Amino acid sequence: MSVLKSFKSSSNPSFLFFTPTKPKLPLKTPSSSSSSSHKVWSHRSCSFVGKTSYFCPRKISFNKSFTLFSVKHCSTSSFEECNRVSRRSRGPVMAARKASQGKKQEDGKYKHTVDLPKTKFGMRANSVVREPEIQKLWEDNQVFKRVVDRNNGGSFILHDGPPYANGDLHIGHALNKVLKDIINRYKDESEAVPLAPFGTYGKLIGIPDPGPEIASSTNQKLRVLILSKLLQNYKVRYVPGWDCHGLPIELKGKYYLALLQSMDYDARKELTPLKLRSKAAKFAKDTVKTQMKAFKRYAIWGDWDNPYLTLNPEYEAAQIEVFSQMALRGYIYRGRKPVHWSPSSRTALAEAELEYPEGHISRSVYAIFKLVSASPASNELFKEFFPNLCLAIWTTTPWTVPANAAVAVNANLQYAVVDLHSLSEDVPSSEGSGKRLVGSALKSVQRKPFLIVALDLVPALESKWHVKLTVKKTCLGSDLENCRYIHPIDKRECPVVIGGDYITTESGTGLVHTAPGHGQEDYITGLKYGLPVVSPVDDEGKFTEEAGKFSGLDVLGDGNTAVVKYLDENLSIIIEEPYKHKYPYDWRTKKPTIFRATEQWFASVEGFREAAMNAIGHVTWIPAQAENRISAMISSRSDWCISRQRTWGVPIPVFYHVDSKEPLLNEETVDHIKSIISQKGSDAWWYMSVEDLLPQRYRSKASEYQKGTDTMDVWFDSGSSWAAVLGKRDNLRYPADLYLEGTDQHRGWFQSSLLTSIATKGKAPYARVVTHGFVLDERGRKMSKSLGNVVDPITVIEGGKNSKDAPSYGADVLRLWVSSVDYTNDVGIGPQILSQISDVYRKLRGTLRYLLSNLHDWKTENAVSYGDLPIIDQYALFQLENVVNNIKDGYENYQFYKIFQIIQRFATVDLSNFYFDVAKDRLYVGGTGSYTRRSCQTVLVAHLLSIVRLIAPILPHLAEDVWQNLPFEHTSEDGSVAKFVFESRWPHSNERWLAMNAEDVDFYGKLLEVEILSSMGNGIAESIPYSGDCLIQGKKVWVGVSRADGSKCERCWNYSTKVGSFSEHPTLCSRCYNVVGVQPLPVVAAVS
């Protein structure tokens, strides 16, 4: 590298050096049969950019040499000009522009001979105005329908997960819908190419027919390549949907809330179910219109004229049919079981309707229940400790103690009888929320009782209770079975029972207070022993009269406090302390829930769990770990509670006998109700009489029955969409190719759809599932109005009140952001990120504008055949084809962030910083019809038509804007003119462009890493060449730099010894002299 150092230390104004870097893009390179020992950069070979330095790469081989712009035919510029050097070509452009603007630039007499860029395509997007114009263009011309109808291959079905119609859209909606639209647009754009002779293939992908010799060897490769396209000629059918039932509408609907808040008691009594349903339906439909408008502004293509709404009669009837099929297969049953109950919503909830926020604090107690007898088998074991022997339990829900029916132990755990000794006569205690309280059982002056606890927990309990526990005797949990204790509140005798593996020594005492009416494990254990299912709690979460002295108290408030106080007054509390843990909240009201036993309708997941687990393994999950997540959920979930105590929803089609309360539910009754709902909607259940709702043969007994009042879980609504939409609509099919939603839908829509489909059809409703993460702010925080970090997608697009703080970026920038993130994880967005994305968009728009403006005079017949292109142009096409292939892989694998990275680098580095820079001289001053200009334009056309289609799925407005500004018509292979970008289809693969010599590829890859230093002063050693060689990545490179000879040409600003040689134009070099017409040079025609 010493020669390079000598360059830097000299006063010569411009230097060259290598900056080796890792390749940024994977390039497909053919194998090379031979390679040269070294490369030469000669200072006398040809022209290149720079002020006073120049070089030209020249490959040394046995029978071949080439220059940077070598061609098979004569160029418009003679090679006597190897002694001239180009200044950066923006020189003549700037000169011409200044002259055209009336500024003094000598006499400016050659300004009209410079081929300046021309286009109406603006550098500024003006997206607030232009994007709606483009969307109207699509709508007026029904472009989406035209593209779908044109495709003649198989269909591609991305089934839309229905968002709730309960408010404005947020940035998560934008992420979800744009991801779907990118996929759909790509599938729309891809095409199949029929088998044809080689010459037909060549025309499709820009290769002239090479004759039988080459065709015979290449045809098979092209056949294989193009056959793969047959799978991409999709008819995309995207039907957007909305979930319109349930609490999101009933509780958050503005009409309903406003109505309740403004009405007095008598007026509320007049709020009949039908009136409430009418208000909820109106709110849902209005919200659908609002959200639909926003989705359209995001440029989401779909069948907006025929969306699916879960409140539509045909949808509700299909949902009833799914329920019927599950019931007939024995998967639907009614039972009294503990379910998640929301006192704030007054309804049962499914697991998918819960959230578990951090930081919930429960009031936990260690309590003692006094044993009164041992089982016959263990009487001898414990008799010495009676009557002072107690069971020690721990619970975070003291309010459930009134419903206690047993204490459960693990049969295989070791338990100990311990003697309890206080460490201090004066045990510290404190009052108040959030502090540890010592109970009366420890403070009592009476003799402390013997306690039974898990042996492994003795040290932990000593530390927590601040006592000394002396082990007196040990036993197995099985020895405690059938011992009996006195209920601490109502004094009845209760048994000790054997529980399941849920009883561990990780926390608590190893003994579990069991209330079958308030816990799932408790319920299962209670079934085994025939324990009573007691649940003295009403719909509002208050104790009923069955709870005695606690009647009317709120179980999560003063009722909980009253139970703890009662236990402590009766010497049953050891320690009370706050316990911070995850606790189930109603995801709509954001308030705590409870477990409560009620009569509900359930879907027996156990009946088809194994089939569901098998189906999961046959689905492709993206990312792959999503399979583990949903598998864990399905394998461990309990039966699905599908009934809700709400008015706004699809009714469970069941009648109850007035006296026996036995349900009437069979195929005949359900089919009759389904036929009614399909015509009149689910409102019919509320306004029609029992007699009219029953089939003919039951009407004589109509007075003996009454309608049920429960509605279906909204997850059953949306989980039936595969049947109501995919299974009922023309041009759709079941199962869908793809479901795409947020990661929270593993416990929601993905799961409910899977369960209903498996239960009725025996297979999953989807072939592939893609999940995305949540959207956070730039600092990784959850968005919140209180934090002021909420990003509104419409504000991103249209701008805010303060244009400086909230500029209008347009939908394309929002979509570009979606493509830039790895959506399989949580993603961030904010002002800084959007600003950066906007910069990328602006540079890409500038690249496309450059392409358009330099093709203003392009005609198809001007194209230069590939074999006659200079090497640098062939390399540019080689790069382009690699980019097309890599981007295609990104779309196929749903890795859009890789597409973003490829496009960003290709447009701003490979094109703008290199090829465009060196092409300007050929384009602007080489002569309108010159061979060098036409060869360059041939490459620019290929880039423009490829790039605009590559980005179209992500940036449809930009792509269409470019397409509408094309200075020529693009004709498809069938002879039709593509009036819109999505009629042009995906770029065809071109194997010939990838067949460039491997050594040339390697060389030009390194050439792109050359940098030219700017002038370092005027003190230049005249006519002193600097030269040397060095090793670059193991190869010997010779470098030469010298001062340019001759004078600067007035027109092109290049230095040449021929300036002054032409009397008519003494300020021109020979090339410019020829161009301006003194010595016309015929344009070289492309030879096929």
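Even glycines carry a Cβ here, placed using N, Cα and C.
TrEMBL does not curate its annotations; it predicts them automatically.
Here is what TrEMBL says about this protein:
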- 90-109: region 'Disordered' (REGION)
- 134-188: domain 'Aminoacyl-tRNA synthetase class Ia' (DOMAIN)
- 225-828: domain 'Aminoacyl-tRNA synthetase class Ia' (DOMAIN)
- 873-997: domain 'Methionyl/Valyl/Leucyl/Isoleucyl-tRNA synthetase anticodon-binding' (DOMAIN)
- 1046-1075: domain 'Zinc finger FPG/IleRS-type' (DOMAIN)
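Mean pLDDT across the domain 'Methionyl/Valyl/Leucyl/Isoleucyl-tRNA synthetase anticodon-binding' (873-997) comes to 90 in this model. As a summary of secondary structure, the domain 'Methionyl/Valyl/Leucyl/Isoleucyl-tRNA synthetase anticodon-binding' (873-997) carries 87 helix, 2 strand, 36 coil according to DSSP. With helix defined as DSSP H, G or I and strand as E or B, the domain 'Aminoacyl-tRNA synthetase class Ia' (134-188) counts 33 helix, 5 strand, 17 coil. Within the domain 'Zinc finger FPG/IleRS-type' (1046-1075), the DSSP-based counts of helix, strand and coil residues read 6 helix, 4 strand, 20 coil.
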